[in-house]
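Trainee: I am attaching a structure below and will ask some questions about it afterwards.
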Amino acid sequence: MSNPPHGGVLKDLLARDAPRHDQLETEAEQLPAIVLTERQLCDLELIMNGGFSPLEGFMNQKDYDNVCENVRLADGNLFSMPITLDVSKAVIDESQLKAGSRVTLRDFRDDRNLAILTIDDIYRPDKAREAKLVFGGDKEHPAIKFLNNTVQEFYIGGKVEAINKLNHYDYVALRYTPAELRVHFDKLGWSRVVAFQTRNPMHRAHRELTVRAARARQANVLIHPVVGLTKPGDIDHFTRVRAYQALLPRYPNGMAVLGLLGLAMRMGGPREAIWHAIIRKNHGATHFIVGRDHAGPGKNSKGEEFYGPYDAQHAVEKYREELGIEVVEFQQVTYLPDTDEYKPKDEVPAGVKTLDISGTELRNRLRTGAPIPEWFSYPEVVKILRESSRPRSTQGFTIFLTGYMNSGKDAIARALQVTLNQQGGRSVSLLLGDTVRHELSSELGFSREDRHTNVQRIAFVAGELTRAGAAVIAAPIAPYEESRNAARDAVTQGGGNFFLVHVATPLEYCEKTDKRGIYAKARRGEIKGFTGVDDPYETPSNAHLTVDVSKQTVRSIVHEIILMLETEGFFDRA
């Protein structure tokens, strides 16, 4: 028999509300609607299927405050992560939302009605407090960046009534709800289940540690990877799932099953580990593997970890009695070539030879085509990863040129386009500032917000082209650091390559050589909000290359960029 759900009752709202489906669907058509974002869809799916039990909706202010402050809901149940529905004031005003209102929650992908929410309250969160209490307060933390830059200013709390499941078109048979997974465990006769959370491909070491955990507890293994929102730059879930499927036959027959979790991760370290344990308990697991730096976002710009390596393990251990799921501490294993086996590092005698391959080295081997030994990963897994990891020489990239108007960006961009076309091997796209303004952003002005929007449109196009293998040369002014960083994230989040080139031609030179007289007009006040005159240009702090047309020729600058790309492996060296 599987583990009881968190809070004692599985809140399967889809099953609960199924008898009222037609009635709710009809009502939903008459109500104002909130179109959910991708992260909100992930959250709603796990609310409706019971993955977030005991939640029955998005948190009201009382629950939200308690979770932030005390790691538990207002009713006393342990819960570590705020699950909130953020909306703008414009949405609230347009739909005249208030406490007691009912509102339809709609899927942005297909416009389907998913649920009706009855509003308990509408409140403005203290984002700084949430950031500090939940994630630690470091402004470089991706969850805090998301909170400050993307999350809207108001939260709406209230219970939901489920109408429709989210439509998925990939790996449908592996997307078990908690109720379905519990039935599956019962059918298999499993009573002890070790759940393994991952957002990365699995290799021999992962197989070894999960088998060891199961063997020590006379249990079976649930491989439960996240296929919702993970960390930008992660390998896409399509590739990962194919790799998990290839790995599964390497387990003893009947030991392991694969199920997919459509979770939007926050990379919240200790808080997230508790949350993950609750989710796995709701899916019927009795044990949960918590690794070193579990759900941590990596390092900040200073090279420092956001959390201690064992903070997550300590957090889950602190609440193990309330959680009702046994914590299995992730043991780092290493390969012993002399005996052809994996062992936990703390069990390896001094002087015994060991071998390891870091994540960075693995990515480099995939990128360059270097061999990956069978002691590290299985050939069938490596084959799948290689199919999805094109060599650098065939990958796309974005060269993002930023600088004052008339700094030479456009001349460099055009010359670079010709050079890359001559090089061959990939299509080349040019996104000049004036062209994009005319074709994509003609309705935008030059306020800070409009400039940011314009740069994000450029980044979206650049990201799509880059992921398709093209060379993209973008040359907006892009005066703000925030906008440039967001552009970088937009290109790299799907695995794209991004290079920031600061065309640092001095303002005086740009003005002196301005044959169109635009700077003169700005100085006379005929043009407002002009970068370098009455609007600032924020010097990039993270440029890959800094060039200056007042001291260099366009030809030499293009050569510098080509050399940078060659050094990074973007041209075939065969």
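Each position is counted from 1, following the chain as shown.
Each Cβ is built from the backbone N, Cα and C atoms, and glycine gets one as well.
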Trainee: Where Swiss-Prot shows Gln197, Arg199 binding sulfate, which of Ala90, Ala99, Ala295 is named for the same site?
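Mentor: Looking through Ala90, Ala99, Ala295, the residue Swiss-Prot assigns to the sulfate site is Ala295.
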Trainee: In Å, rounded, how far does the Cα of Arg451 (3'-phosphoadenylyl sulfate binding site) sit from the Cα of Val333 (ATP binding site)?
Mentor: 50
Trainee: What other residues of the same chain, not counting Gln197, Arg199, Ala295, have a CB atom within 8 A of the CB centroid of the sulfate site?
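Mentor: Checked against the 8 Å cutoff, the neighbours are Thr198, Val226, Thr230, Met265, Glu272, His276, His294.
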Trainee: Of the recorded positions Thr198, Arg199, His203, His206, which one sits closest to Asp434 (3'-phosphoadenylyl sulfate binding site) when you measure Cα to Cα?
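Mentor: Nearest by Cα distance to Asp434 (3'-phosphoadenylyl sulfate binding site): Arg199.
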Trainee: How big is the ATP site in terms of the longest C-alpha to C-alpha distance among Gln197, Thr198, Arg199, Asn200, Gly291, Arg292, Asp293, His294, Val333, in angstrom?
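Mentor: For the residues that bind ATP, the greatest Cα distance is 19 Å.
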Trainee: Considering all pairs of residues in Asp434, Thr435, Val436, Arg437, Arg451, Ile477, Ala478, Arg516, annotated in the record as contacting 3'-phosphoadenylyl sulfate, what is the maximal C-alpha distance expressed in whole angstrom?
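Mentor: Largest Cα to Cα distance for the 3'-phosphoadenylyl sulfate-binding set is 22 Å.
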